[in-house]
Amino acid sequence: MSKTEHPASGASPETRAAALRATLNRYAHEYYVLDQPSVPDAEYDRLYRELEALEAEHPELRTPDSPTLRVGGAVLPEFAPVRHVVPMLSIRTETDTTAGGALDFDASVRRELGLAESDPPVEYAAELKFDGLAINLRYEKGFLVQAATRGDGATGEDVTQNIRTIRQIPLGLRPVGGAVPDVLEVRGEVYMRRDDFERLNARQRERGDKTFVNPRNTAAGAVRQLDPKMAAERPLSFFAYGLGEAAGWSGMPDTHSGMLDALVAYGFPVSKERAAVKGGEGLVQFHAAIGAKRDSLPFDIDGVVYKVNSLALQRELGFRTREPRWAVAHKYPAQEALTTVESIGVQVGRTGAITPVARLVPVFVGGVTVTNATLHNEDEVRRKDVRVGDTVIVRRAGDVIPEVVAVVLERRPMEDVPGSDLFNPTQQPKHPPFELPRSCPVCGSHVVREEGEAVARCSGGLFCSAQRKEAIRHFAGRRMMDIEGLGERYIDNLVELEYVHGIADLYRLTLDDFLEMKRRADERDGVTPETVAAGKIATKWAENLLDGIRASKTPPLARFLFAMGIRHVGESTAKTLADWLGSLAIVRRAPAPLLLTLPDVGATVAEAIADFFAEPKNQQALDALLTAGVAPQGEHPPSAKLRDQLEPAELYAALGVPKLTAIRSKQLATLVPSLAQLANVDTAQLEGLPADVAASLLAWLDADDHRTRLGTLDALRAELLAAMPAGAAEEGALSGKTVVLTGTLPTLSRDEAKAMLEAAGAKVSGSVSKKTDYVVAGVEAGSKLARAQELGVRVLDEAGMLALLQNPPGDSA
């Protein structure tokens, strides 16, 4: 290769630098001005680093329009320009996303300060790097007079009227010590919480309007709305994190963390996810702690930021070109990346859901190599117009299944339309739009999509081997039946080699079945295990599997219900069914109106549960499990809390009779005080109701055998009332108490301990606060234990927790 060629492209350094500048400036315009980025941040950062390295090697190539000499985007002409008194400079981003990035920054600071290895560690303020729009708020004599965007760092845009609509931002400062600074510029980030973003998009869909791509762009677009009323409709939030100009501030703090505390006192929201830490190791720990929780934060972050805490040391360290030496942004592995769609297929889920899946050129994103990404459903594929050959943005966060966020349309493969020529060039996409298959790719059954459903489904049921596999995987899962050792490979072989046709078949398997299955699978795959080659047969794995299956026969009722794979029934709803109805026999017989009276059970869920247990094939599958020896544990009489839900007015309201509102249901209950009477009611008995309501009720009673069903519901109601404990609704022994679990317990799993505490009425929380009553600590308890000790919260070990459950507070036993 010639010395004049650049290795990334084979072009000369001058040509490559010009191409990079043009591309980066276009991407920056899309991101900062149009609020419509076409590529993820990681792609921009990669090209930026390439240009930065090229200009360092060839300084003569740096031009005035190089993005390496700028901070952000251009000023929008519709807003008045604002010159920043103190420039809003960006900070350097550490590209090493490992612990080494934090240690390198600490080493750099110590070098700049001339510190020896024996000198004390430097104290840093560690905080979040928010993913929103940077804003400068100017207060004079305690009142907000101006709000401006970062712009290019020197000049921003006046967005005061829009910022005033954000309720978190104070219009006036709270006096501290009876005074406020003469001038105070507070810098921070306008952002949008994830839940607010989801609600906003839900409203957009209801109106038939275009939905937004992500919270960051939505927040930025709202701030730049010319009409403040439109900006006010967007649910924006704000965090303060720094200062611009400050004058006439007596008692100004001498540390960054002290300054943030002062901003809280003045009335600004400051993120609680911050800490003052010592040295590089403290930075490493903060980076790891935030990394572990970032996907559970209610807002998006773009990494963390480290700042030398001492403001005096910040001044001593100063700046290099466009960045402070005393601060750095430390990112995490990119959650978005570019790749190419090789093909689009479908997966069949346990309920028959047909999910389109993009098969991708492997790409490293979110800390793992991703080869597949969900496209959710047919409508989503059409909306995004994902096609084979497209360059797409793929996102992966935490344990969430990777998804295709958007298509980079400018990179779509195109071809000439037949008949076009040099004078009439016409192009079209090389690949056609995706079409959902009309038959299941696994079993050949029809694919159907019911009216109002977003998801298409295979109609094959358990005849479809894909649905059988997924149903067994769900059933055997850790939070369901928890069958130890029954992994994906064994399930695939059991179904494919016809050993398991229904879930109950698991409990009829023998040692010989497993050994024969393994032999047949090895023959099919052309594998000869070492033990077989040596003339031996390994049996321990099969014995362990049988032990795991046998051990799963006595699950708690809630876990058994969750394991059944009822549509719309998750872990929480299964627990509600078990807690309130008490037994499998009652749950199986409960009609939709009764289920609808339970907490957090809506009409769709109630119908799904009732339909599941009314389906003959599901009844047969359930009976087969019970016959095979599966026996749910922890059954009890119906909860006394159910008594109020069984009042006729409550049940009438749950019947789904048109025009029979909750108020009219109470009125009906005074006229017709029992379900049995309602089943035989006539017009004369309904004279107290409005005529249209009475007519609607009589029409409902005459349709679909509703009178007979009312009689059945009335009999079940009487049975439940007779079976439940006498007296008022009972409370758990730990009702009203908040408990936090941390560390590894000696004999109980986290889920088991949580279930025991919740059964006693306790609320199990994930964080320690002043409202926490107990912390149950095991091995390697960590920061939650330290926080509990700091707050004086009572700490128990496993034995102490069990003793508490046996003898709760106020128990005389």
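Cβ coordinates are placed from backbone N, Cα and C, and glycine is handled just like the others.
Per Swiss-Prot, NAD(+) is bound by ASP41, ALA42, GLU43, TYR44, ASP45, SER90, ILE91, ARG150, GLU189, LYS307, LYS331; the candidate from GLU112, GLU117, GLU127 named for the same site is GLU127.
Secondary structure from DSSP puts ASP45 (NAD(+) binding site) in a helix. Taking every pair among ASP41, ALA42, GLU43, TYR44, ASP45, SER90, ILE91, GLU127, ARG150, GLU189, LYS307, LYS331, the residues recorded as binding NAD(+), the greatest CA to CA distance is 26 Å. Separating the Cα atoms of CYS440 (Zn(2+) binding site) and GLU43 (NAD(+) binding site) is a whole-number distance of 38 Å. Between the CA atoms of ASP45 (NAD(+) binding site) and LYS129 (active site, N6-AMP-lysine intermediate) there is a gap of 16 Å. In the structure shown, across all protein chains, ARG150 is the one of the recorded positions LYS129, ARG150 with the greatest number of other Cβ atoms within 10 Å. Take the binding-site residues ILE91, CYS440, CYS464: by the count of other Cβ atoms within 10 Å of each Cβ, the lowest one is ILE91. Per-class residue totals from DSSP over the domain 'BRCT' (729-813), listed helix then strand then coil: 28 helix, 17 strand, 40 coil. Secondary structure from DSSP puts CYS440 (Zn(2+) binding site) in coil. Annotated pair LYS307 (NAD(+) binding site) and CYS464 (Zn(2+) binding site), C-alpha to C-alpha distance, rounded: 58 Å. Remark: of the binding-site residues ASP41, ASP45, the most isolated position is ASP45 (fewest other Cβ atoms within 10 Å of its Cβ).
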